[in-house]
Amino acid sequence: MAAEEVPVRVVVRVRPLIAREKLHELSSCVRPILGSKQLVIGKDRSFTFDHVLDEGSSQDEVYEICANPLVESCFEGYNATVFAYGQTSSGKTHTITGADLSAVTQDEQGIISRAVGRIFHMIEVSVRMQRIFAGAL
C-alpha cells in the first residue's frame, strides 16, 4: 500500500450543529484540539485517534483521508472496508452518501460516490493502457 500499513485506522469527524440545535442555542460537547489528533469530550475527557476532522472538514477531505488510500490499495490486491459508526444523527449518512441524494453537487458527494467514481476511472485508465500496449505489439 502507498500509505503506512495499519490494520485499522480510526477517524473521527465532528459534525456541525444542525438547525434545531442552533435554534435551542445548544453548544457542542465535542471539541477537536487544533493541530493534534485529539478530541475533548465534555470539559476534560480527551481521546486520541488516527485523524480528527473538525466541523469545517469537506467531503473531499474526508474521502482523501479515509477512503482514497483504501481504493488505491484495492488495485494493488488488498481488501479494504470503510465502516461508519456513530450515534443517531451523528452524520454517518452525510459522510457516506453525501447531502440530499436528489441534488448532490460534486462537492457534496459522500465517500461511496467518490470511491465508485475513482474505481471506474482507474478501470478506464487500465483498459486504455492495455489497448495502447496491445497496439504497440
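Glycine is no exception: its Cβ is also placed from the backbone N, Cα and C atoms.
TrEMBL annotations:
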BINDING   GLY86, GLN87, THR88, SER89, SER90, GLY91, LYS92, THR93  ATP binding site
DOMAIN    7-137  domain 'Kinesin motor'
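A map of TrEMBL features onto the structure.
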residue: GLY86; record: ATP binding site; Cβ neighbours (10 Å): 12
residue: GLN87; record: ATP binding site; Cβ neighbours (10 Å): 7
residue: THR88; record: ATP binding site; Cβ neighbours (10 Å): 5
residue: SER89; record: ATP binding site; Cβ neighbours (10 Å): 12
residue: SER90; record: ATP binding site; Cβ neighbours (10 Å): 15
residue: GLY91; record: ATP binding site; Cβ neighbours (10 Å): 17
residue: LYS92; record: ATP binding site; Cβ neighbours (10 Å): 17
residue: THR93; record: ATP binding site; Cβ neighbours (10 Å): 13
Study note, to complete from the structure: Near ATP: residues not in GLY86, GLN87, THR88, SER89, SER90, GLY91, LYS92, THR93 with Cβ within 8 Å of the site Cβ centroid are ARG15
Review point. Going by DSSP, how much of the domain 'Kinesin motor' (7-137) is helix, how much is strand and how much is coil, in residues?
Key: 58 helix, 19 strand, 54 coil
